[in-house]
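The next block holds one structure in the form of structure tokens; read it before the comments.
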Amino acid sequence: MPKYYEDKEDDGRACSGLREDFKACLLQHDCVVKEGKKPSECLKEGHCRSMQVAFFECKRSMLDTRSRFRGRKGE
């Protein structure tokens, strides 16, 4: 289960839960922790790709006029 469902305060920004999970995935990945690389370098290598896509889809759904009726994806 995603961590943003656990008792956390909502910061009021769109897709904030996915943003937190994406950030946590990058910062806890072996690429950053053990190898000492920057998170941006790990993204280029393809780590946490599913979280990146989910966050992108959530942000993109904010621009979709149909989502006003359906709600944002990922929330």
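Note that Cβ sites are derived from N, Cα and C of the backbone, with glycine treated the same way.
Taken verbatim from Swiss-Prot:
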DISULFID  Cys31-Cys58  disulfide bond
DISULFID  Cys42-Cys48  disulfide bond
DOMAIN    28-66  domain 'CHCH'
MOTIF     31-42  motif 'Cx10C motif'
MOTIF     48-58  motif 'Cx9C motif'
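Feature annotations (Swiss-Prot) mapped to structure.
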residue : record         : DSSP (3 states)
Cys31   : disulfide bond : helix
Cys42   : disulfide bond : helix
Cys48   : disulfide bond : coil
Cys58   : disulfide bond : helix
For the disulfide-bonded residues Cys31, Cys48, Cys58, which one has the sparsest Cβ surroundings, going by other Cβ atoms within 10 Å?
Cys31
Measuring Cα to Cα, how many angstrom lie between Cys31 (disulfide bond) and Cys48 (disulfide bond)?
11
At the level of the C-alpha atoms, what whole-angstrom distance separates Cys48 (disulfide bond) and Cys58 (disulfide bond)?
16
What's the number of neighbouring CB atoms sitting within 10 A of the CB on Cys42 (disulfide bond)?
19
Rounded distance in angstrom between the Cα atoms of Cys58 (disulfide bond) and Cys42 (disulfide bond):
21
For the domain 'CHCH' (28-66), what's the model's average pLDDT?
88
